[in-house]
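Feature annotations, reproduced from TrEMBL:
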ACT_SITE  Asp241  active site, proton donor
BINDING   Arg51, Gly52, Ala53, Arg88, Gln200, Asn251, Lys252  substrate binding site
SITE      Cys161  site 'Transition state stabilizer'
Amino acid sequence: MKVNGRHYRTIWTEDDAVVILDQTLFPHRFETRRLTTAEDAAEAIRVMRVRGAPLIGATAAYGLALALRADPSDMGLLAAREMLAATRPTAINLVWALDRVIARISPLPLARRASAAWDEAGRICDEDVAINATIGDHGLGLIRAVAARKRGAPVNILTHCNAGWLATVDWGTATAPIYKAHDAGIPVHVWVDETRPRNQGAFLTAWELGQHGVPHTVIVDNAGGHLMQRGQVDMVIVGTDRTTAQGDVCNKIGTYLKALAAADNGVPFYVALPTPTIDHSVRDGLAEIPIEERSPDEVRRIAGRAGDDVIEIELTPPGTPAANPAFDVTPARLVSALITERGIMAPTAEAIAALRMAP
Ligand SMILES: CSC[C@H]1O[C@H](OP(=O)(O)O)[C@H](O)[C@@H]1O
């Protein structure tokens, strides 16, 4: 998307390096970072300089290419896959991207592996941009249908965390329909869940929407149900890190609570996802999806700006015990529809299984 008039993706290559936007500094600093080794890529994923299922996958793919430059052997490939796969366990796009690159380059002579992996990572990025734009086109129809009955008043959309262009290579998933609607002149307003503890909503979604001129309001995570009870939310659109074969949706912690509030208030709850985010090998999300447990320090502290510096401050008494599950699972029964690049569908095993057929 555009930042100060210049078009950006979240990840690109320059010479022999991979360049990313360092999201740990947002919204206070807009800085890039060069990744030149697989270890750099792993660190960027682990500490969330890059985050969001599709972008994690793209970064891991380039990480593998960087690893193959150093050691194209099968042993080297296996070690690099293990290191990158161990960074974050929940987003299925990580291992999906790694295994796609491995399948592509394994039959090749050692001397050709690194360049082929680099090209495959580039294809993954280009495909993600096209997929998300198409998700936007499909989701636009849902927003347009609500706008038709609002007589010019904005369509109020609540989103949780950041499933924006910063979570992907471009466009975002949950935000793609929002950008498309805004660009089509449909009045929209977005309720942005701050999304503790890493505040992807307050820090990233608010920044994105502000850059694009989309009206929005940051709210505390616990306000969404209150707004839905008062008819101030026309729909919820969120992203996902892994959706199962039966339509259970794993997403940022707190998503499940929004789905419950939406169901209780008759608010449509949509999940926007590229089909690589579907894990056809699991059915029961609650039982089978590994939920990342991140550092308790992320709960005990918060990042912010003091003057020109980005700092962290302590929130709790020293040594306070804290728990930090990073994701939760929303059962398919609470999901109104999935918005994919293949169209809008019910979160059912039949509809999801049909996606395995060629488009
Ligand atoms: C389009 S995937 C976005 C998805 O990823 C986020 O998690 P994290 O920021 O920890 O990588 C969150 O679950 C978003 O919905």
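Positions of Cβ are set from backbone N, Cα and C atoms, glycine also.
Unlike curated records, TrEMBL annotations are generated automatically.
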Under 8 Å by Cβ from Lys252 (substrate binding site), counting only residues of that chain that are 6 or more apart: His160, Cys161, Thr195, Gln200, Val238, Gly239, Asp241, Ala326, Phe327, Asp328
Neighbours of Arg51, Gly52, Ala53, Arg88, Gln200, Asn251, Lys252 excl. site residues, C-beta within 8 Å of centre, substrate: Ile56, Ala91, Cys161, Asn162, Ala163, Ala167, Gly239, Asp241, Ala326, Phe327
For the binding-site residues Arg51, Arg88, the one whose C-beta sees the most other C-beta atoms within 10 angstroms: Arg51
Other CB atoms, at most 10 A from the CB of Gln200 (substrate binding site): 27
Coarse DSSP state, helix versus strand versus coil, of Ala53 (substrate binding site): helix
Where Asn251 (substrate binding site) sits in the secondary structure, as DSSP reduces it to three classes: strand
DSSP-derived structure type at Arg88 (substrate binding site), helix or strand or else coil: coil
Count of other CB atoms lying within 10 Å of the CB belonging to the residue listed as 'active site, proton donor': 32
Number of other Cβ atoms within 10 Å of the Cβ of Asn251 (substrate binding site) across all protein chains: 29
Packing count at Gly52 (substrate binding site) (other Cβ atoms within 10 Å of its Cβ): 30
